[in-house]
């Protein structure tokens, strides 16, 4: 017993020696650390500088993302520093990649302000990404403890309530983004909304960069868009909607636009990821108070999520946004024009939709996650998809998704309404085949051809886009299994 006490005393005294000592020696590395249920866990992909030991690099990341600075400071002794130090507790080499490592780090829950994504990210992705000891650093995954999740509101509406509100069950939602995204007048914009909804879509939406420009101010767009929504809903006998983008320069402007969207009768409004975490949480609170569905466009995410060795994996954004309280988020298509590895996309969708997820290394899920009853976020698939891919979309993405065909609706040679009808018929024929027990993936092209015999717009769409695909290998792919080509 006395030897153990002496050992602990020696280690503690070494830890507080004046000057610069290794982070691992300061207590930021602990291979014997016992993870607590209340710990926030993070998994970083680290590429140490030549000559830097991966354990020391991991300890440095733990230190600089929690309590450390470059030298020992005596004021540590005025805090519960042994508790508040983040602990790197495991380092594994990345399979089949030289000089990269997975570093597992645990953070005490008291390091983070309750219910604040901004405070969480200030630590986890704050200074550490510019740290000289690592050539590159990527945040791959996190585990949020239930006690911490309970301080966030989560989605106000979520998948189940949205289906009830829209009265749409047993199939994906269908939508489209107005094209061209910039340049239309308000009246022409509203006409696009009307034609798309009347043709069979559930939603039309603003794109990420349509706000309030000289060619069309926001009030004009809202009024004409909602006129189109109301006329199409009355004609179809279905509840329909249009995502009105309320993104603006200030929170005051965003609140004003959101309030007006509610006044004119919209059931859903939209924001962009680029507004920042605090603004996103603020708008989520507003949406909950005002009984509005909140759609989030992930504009800007690929600036830091696409490269495999540096930045942040999009699955982490999915987790933060579920905590923040958005109801929709763009999460990939697999078969479209944007980055989308099938296994990675599946991991994103499971993160948004499941009440609890297990470790699944092929999908990039490094931790089990209990979502503490936070509601489900509806994934949105958008970007370069068309009716001829319907069997693949249903197979990869399932029912719980919004399929958005922008160019695949508005680019139809027979007009917007015909494009919408083609997509609706393609989807319903594929869902019917699946429900009948057919192998809709293998038979997909034939199912579409059969449906097109009684739907001219679908036949035109199939003829026009039959050879269109985006067959590129993804940048961000699975580490633990061989992955199929991303964009089939």
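Yeah, the Cβs are placed from backbone N, Cα and C, and that goes for glycine too.
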Checking Swiss-Prot, the member of 58, 66, 233, 382 that binds substrate with 127, 177, 181, 298, 330 is 382
Neighbour count check, CB within 10 A, over recorded positions 179, 205, 297; minimum at 179
CB contacts under 8 angstroms to residue 181 (substrate binding site), restricted to the same chain and 6+ apart in sequence, sorted by sequence, are 207, 208, 209, 210
Residue 330 (substrate binding site), Cβ-centred 10 Å count of other Cβ atoms over all protein chains shown, is 23
Candidates 127, 177, 382 (binding-site residues); min other-Cβ count within 10 Å returns 127
Candidates 179, 205, 297 (recorded positions); nearest Cα to residue 127 (substrate binding site) turns out to be 297
